[in-house]
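According to Swiss-Prot, the active site, nucleophile annotation covers D13, on the basis of sequence analysis. The Mg(2+) binding site annotation in Swiss-Prot covers D13, D15, D192.
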Amino acid sequence: MNKLQNIRGVAFDLDGTLVDSAPGLAAAVDMALYALELPVAGEERVITWIGNGADVLMERALTWARQERATLRKTMGKPPVDEDIPAEEQVRILRKLFDRYYGEVAEEGTFLFPHVADTLGALHASGLSLGLVTNKPTPFVAPLLESLDIAKYFSVVIGGDDVQNKKPHPEPLLLVASRLGMTPEQMLFVGDSRNDIQAAKAAGCPSVGLTYGYNYGEAIALSEPDVIYDSFNDLLPALGLPHSDNQEIKND
């Protein structure tokens, strides 16, 4: 907790931290797979692939779908499919399809986690500078924040296309700290996955790990963040602000 004593700003991950984006992401992934006549994955499986950006998401989806198709065909006594298109090209095609479909479903398939809006408002009102660091493709980020009515709280927003190296590399966190006018040690980073905690450690930022996110199905404690919270509004007392229980509930 001592690392939280001299905090001047807070930066946040997006997917799995501020928002439950799995419904929209899974829908877009499945529509893209279906368009290529590949097996669809479903939300529960897609959740385990989230966190490293859209290109890696496509690689994971394609690898699984090709293996699943091969297994299904073998079970039915059918020969394997000859892959005329290299995997790299299929990933590129899948990404184009995903971008098209995700643009259609992102807003309706994304929800704020409990306590996020009020807690961000309280942090902003306290004078703390707030930033956002996400591996999500940049074109989707600003419209999503606006649709959720939380864009107004962030002084700096860094998407996955804004840096050469995405999390877990420290580059995006160092960029946000610089733009907020503070040292990494003065900026708390809040996330839900090992990528987030690894990026914070590499950048020299204190970190909070949230237990309710995605994180590839593993406990956030394994990544050893400085602090672990079960609820987003636990940030308030940790930063010397009153803990409000009068918070909004996630709208499913």
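Yeah, the Cβs are placed from backbone N, Cα and C, and that goes for glycine too.
When other Cβ atoms within 10 Å of the Cβ of D192 (Mg(2+) binding site) are tallied across all protein chains shown, the result is 28. For the recorded positions D13, D15, the ranking by surrounding Cβ atoms (within 10 Å, all protein chains) places D13 first.
For the Mg(2+) site, the Cβ centre of D13, D15, D192 serves as reference, and the other residues of the chain with Cβ at most 8 Å from it are F12, L14, G16, T17, L18, G51, T134, G191, S193, D196, L210, G213, Y214.
Reduced to three states, the DSSP call for D192 (Mg(2+) binding site) is coil. The DSSP secondary structure for D15 (Mg(2+) binding site) is strand.
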